[in-house]
Ligand code: SAH
Ligand code: SF4
Ligand code: F3S
């Protein structure tokens, strides 16, 4: 019998990648492989990669360079593998550029890892698996559902888990690489999603975030999997799972946020009053060139409607600054939109050319220093607004879902703010999974601390 193979996985990028890595680890666990925590101890080092911006991609190449040096020095890892979005985007070019790479696994092939690893073990020098659904073929989703650690409660189920409901994206925002790296939008069968949620809640998970690049087009593109049901139907069904305390979703596209979905916030008590709704820009000219499919006015209209239906809802968003051709006036419109909506938080990025995406061919690229200047301005404004939200909290009591309880407790508010708390004199802290009321005592620009009574 051969000895158990050891694998080290390093993950970059979004929750999709996190979940894919988790599944790969689980599949390896089924086939005489063991995860290790340092690359030098591994037979295979697998880097699960992100290519959303150039910087993310460059990080991958520098890590691969480092791993090549580790291999030269220690004779280990035996093999280097690349999975995820850079793997899908670059394919065989990765091996041409870095011949030390032995394994390239695309975003829809990761569930074949055990089989591909066996091929390396049988002496193949380079193994490449890149097939991607270019049309609406339903890939085998059972690897998502039947992953072993979903049924492994030994280590205690985390309080909060992500559940994939779809993969891919059909939106082709002109700056974005995801439709090329993740293929066409495919919805996961309704019943499989519900089964996974039930399984997780049975194991002790209390908060579920439904995950996809564009969750609110769930079921619109391949009706085989979802039948006549759409995202609001899915939310209503998941909300009924007994024992589930909180439900969230990410990410939703403003153009697909319809009234039926907005009503869910008013209708479903477990649905947290918080939504991540990436706006990208406040300028209609820029939004049109981005191919976003809405105007700033339409976006603001949806925000008003959401707040009418659910007055305590908080909003988060994403911004891109320095999109090709973005003028000072365009950028000023973005700042105005930020001030009008007063997002509780936002992620903001400098536009980055992605070779496959259309905007990489657009004229009037903005110089790096101008992008950096706009980013700093935007972030300063956002920090002020976030701090104002925080400053309104001391003295108020908020509901916290406890995620950990060591020396201090930590959890999140319905609005997804992290709260650190202590127990009032003498009490033991509540266990992870409990929903408790915490009085906020102090608010910093990025942190909230309080007391549980
Ligand atoms: N599907 C999700 C997430 C996309 S990636 C969505 O549409 O919301 C997350 C964020 O990265 C995007 O919202 C966008 O703000 C940013 N982003 C994507 N491509 C980018 C690029 N080429 N340059 C800079 N930021 C980018
Ligand atoms: Fe990219 Fe747009 Fe799809 Fe989001 S909706 S993944 S930004 S193409
Ligand atoms: Fe990155 Fe791919 Fe996710 S590009 S953000 S890992 S979908």
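Numbering starts at 1 and runs along the chain as it is shown here.
Each Cβ is built from the backbone N, Cα and C atoms, and glycine gets one as well.
For 14, 50, 85, the entry in TrEMBL reads [4Fe-4S] cluster 1 binding site. Summarising the annotation, TrEMBL assigns [4Fe-4S] cluster 2 binding site to 169, 173, 176. According to TrEMBL, the feature domain 'MTTase N-terminal' maps to 5-122. Annotation comment: TrEMBL describes 155-388 as domain 'Radical SAM core'. TrEMBL lists 391-453 with the feature domain 'TRAM'.
Local packing around the binding-site residues 50, 85, 176 was summarised as the count of other Cβ atoms within 10 Å of each Cβ; on this measure the leading residue is 85. Counting other Cβ atoms within 10 Å of each Cβ, the lowest count among the binding-site residues 14, 169 belongs to 14. With a cut-off of under 6 Å between the Cβ and any atom of ligand 2, the binding-site residues 50, 85, 169, 173, 176 reduce to 169, 173, 176. Calculated from their C-alpha atoms, the gap between residue 169 ([4Fe-4S] cluster 2 binding site) and residue 14 ([4Fe-4S] cluster 1 binding site) amounts to 14 Å. In the three-state DSSP classification, residue 50 ([4Fe-4S] cluster 1 binding site) falls within coil. A gap of 14 Å separates the Cα atoms of residue 14 ([4Fe-4S] cluster 1 binding site) and residue 176 ([4Fe-4S] cluster 2 binding site). Sitting within 8 Å of the Cβ centre of 14, 50, 85, and not among those site residues for [4Fe-4S] cluster 1, are the Cβ atoms of 12, 13, 16, 17, 49, 51, 52, 56, 84, 178, 181. The two recorded residues, residue 85 ([4Fe-4S] cluster 1 binding site) and residue 173 ([4Fe-4S] cluster 2 binding site), show a Cα separation of 17 Å. Candidate binding-site residues: 14, 50, 85, 169. Those with a Cβ under 6 Å from ligand 3, in sequence order, are 14, 50, 85.
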